[in-house]
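Asks: In case it's useful when we look at the structure, here is the feature table from TrEMBL:
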- 52-98: domain 'Alpha-D-phosphohexomutase alpha/beta/alpha' (DOMAIN)
- Ser65, Asp278, Asp280, Asp282: Mg(2+) binding site (BINDING)
- Ser65: active site, phosphoserine intermediate (ACT_SITE)
- 114-167: domain 'Alpha-D-phosphohexomutase alpha/beta/alpha' (DOMAIN)
- 179-285: domain 'Phosphoacetylglucosamine mutase AMG1' (DOMAIN)
- 299-438: domain 'Phosphoacetylglucosamine mutase AMG1' (DOMAIN)
- Glu372, Ala373, Asn374, Arg500, Pro501, Ser502, Gly503, Thr504, Arg509: substrate binding site (BINDING)
- 477-528: domain 'Alpha-D-phosphohexomutase C-terminal' (DOMAIN)
Amino acid sequence: MAHFEEVCKQSDLHPKPAGLVLQYGTAGFRTSANKLDHIMFRMGLLATLRSKKTKATIGVMVTASHNPEEDNGVKLIDPMGEMLTSSWEDYATQLANTDQNELVKTLKDIIEKEAIDMSQEANVYVGKDTRSSSSSLSQAVLDGVKALGGHSKDYGLVTTPQMHYMVCCQNTRGKYGEATVEGYYCKLSQAFSQLAKNASNRTDDQKHLSVDGANGIGAIKVREMESHLKNHMQLSVFNDGSRGKLNHQCGADFVKVQQTLPRAGIKINPGDRCCSFDGDADRIVYYYTDSQGDFHLLDGDKIATLISTFLKELLNEAGLDLKIAVVQTAYANGSSTHYLENTMKVIVKCTKTGVKHLHHAAQEFDIGVYFEANGHGTVLFSDGAEEKIQQLANDTNINDERKKAAFLLQNTINIINQTVGDAISDMLLIEAILAIKGMTVQQWDAIYSDLPNRQLKVKVSDRRVIDTTDSERRAVTPAGLQEAIDDLVKKYEKARSFVRPSGTEDVVRVYAEADTQESADALAHEVSLAVYGLAGGVGDEPKPLH
């Protein structure tokens, strides 16, 4: 009971603004930083209950990822470094929106429903990004943990993927790695060094990479890691937070959406290999400019193709019969799907948008590669797959080619952060693959050519009128919409289009691709008009793009 008195006392120091209602989404809570103090305190409470329930360490990360600097947010991390389980997302939403005087009652309801033993010890790890609001907000989380008698460890400034990594290391009792930032650097850099040894005679130019750190935490952490990479890599870090705003005209989201170089802070020559992280370093995209000055983006689809091709080749060389698949969403470019299925003969599975759907689907295979087009993704190896690779690497009776392939697979496993998409880990893996294969960024880009595409959004009075099926590729309601889309698609070559409701606002997202940019733009516009007419569009009807 003493704990609940402390909760009441502390809760008064973190009051809930009247009338504010927030929803725990795929990325946790996210909104203006000045509205989040009570949320952070309550997520400290929830993380403590989750820790007692699972008898494991739980993580809390204070970040708003690629959002503007004035926003902030929070996400909870489950015992194996994965995202919070969906039934507890409901508790998070409930707790966030409970009135001050009902808070203890809501807590007791959760305790009762989940049969939580309150005498069980609780441990919570807390990390934060570089936003000016993050310090006070992470303190509010720590206050919540303390109020319910939990133990906490404050990691201070870390990337989101590092926080996921720490939780997994702790709960696997070090089997996954050492739960320190230094341990993270050592594990990844040692694996990278081992892989880089298999690249023949790389020049300094080939080792060089320009990194846009989005003026966020990733820039700080990649700088800290540089010394661990010895002579294997040469980094030029731009948008490192010394000047310029977080995510402002830079970072992975800006580059992907605007299809252009970061506007600020980056100086590159034609053909230079570049990448951009997002604000909390869980997304990465690559790009370069050609001799004509044209911009070329290598997004999550290109990354998934490079990695899965490399892994499939190694499995063949090692003589290992493991099922490898690439998990995509409806937003994946049709050319990438076609190349993977028809040229590489890799299983491709399509799932709903949202990282947790991709992660879940990737777990169904021996090796599951997943990347959203926005550059968020990783590779998952089943326990069985890791075991087989390990056994082969230790087998003294195999030939040199199989031995080498097993060794490369082993180090590939160690370089990957399997808990979540991780810009630093993904960057090291991509650099290692390009080095081993002796590929330039242009050769990687030329594996297949993206079909021109366009994304638009249409404002509607209620996004719930749109219901979809087939991993969001077909609309079930409103009546007539899918038929209209099908008819429009028939007018263009190599075309497809789909619509889906936004998860956060009353807009419908429209995606279209076709053989030319002009056709993709025209199709997207015509589908937008169909959505506007059949799904309750509000405001002016969509205008043509040209």
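Residue numbers in this text run from 1 along the chain shown.
Positions of Cβ are set from backbone N, Cα and C atoms, glycine also.
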Asks: Return only the integer: C-alpha distance in Å from Gly503 (substrate binding site) to Ser65 (Mg(2+) binding site).
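Replies: For Gly503 (substrate binding site) versus Ser65 (Mg(2+) binding site), the Cα atoms are 17 Å apart.
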Asks: For the recorded Mg(2+) site, enumerate neighbouring residues of the same chain (Cβ within 8 Å of the Cβ centroid of Ser65, Asp278, Asp280, Asp282, site residues themselves excluded), in sequence order.
Replies: Thr63, His66, Thr159, Thr160, Gly216, Gly218, Ala252, Phe277, Gly279, Ala281, Arg283, His376, Ala423
Asks: Of the binding-site residues Glu372, Asn374, Pro501, Arg509, which one has its Cα closest to the Cα of Ser65 (Mg(2+) binding site)?
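Replies: Closest by Cα: Asn374.
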Asks: At the level of the C-alpha atoms, what whole-angstrom distance separates Asp282 (Mg(2+) binding site) and Asn374 (substrate binding site)?
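Replies: The Cα atom of Asp282 (Mg(2+) binding site) is 10 Å away from the Cα atom of Asn374 (substrate binding site).
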Asks: Any idea which of the binding-site residues Asp278, Asp282, Glu372 has the thinnest Cβ neighbourhood at 10 Å?
Replies: Glu372
Asks: By DSSP assignment, list the helix, strand and coil residue numbers for the domain 'Alpha-D-phosphohexomutase C-terminal' (477-528), in that order.
Replies: 21 helix, 14 strand, 17 coil
Asks: The domain 'Alpha-D-phosphohexomutase alpha/beta/alpha' (114-167): mean pLDDT?
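Replies: Mean per-residue confidence for the domain 'Alpha-D-phosphohexomutase alpha/beta/alpha' (114-167): 97 out of 100.
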Asks: For a three-state summary based on DSSP, what are the helix, strand and coil counts in the domain 'Phosphoacetylglucosamine mutase AMG1' (179-285)?
Replies: 41 helix, 16 strand, 50 coil
Asks: Among all the protein chains here, how many other CB atoms are within 10 A of the CB of Asn374 (substrate binding site)?
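Replies: Result for Asn374 (substrate binding site): 22 other Cβ atoms within 10 Å.
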Asks: Using a 10 Å radius around each Cβ and all protein chains in view, which of these binding-site residues has the most neighbours: Asp280, Gly503, Arg509?
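Replies: Ranked by Cβ atoms within 10 Å, first place goes to Asp280.
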Asks: Excluding near sequence neighbours, so keeping only residues 6 or more apart in the same chain, what lies with its CB under 8 A of Pro501 (substrate binding site)?
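Replies: Spatial neighbours, sequence-distant, of Pro501 (substrate binding site): Arg463, Arg464, Ile466, Thr468, Val507, Val508, Arg509.
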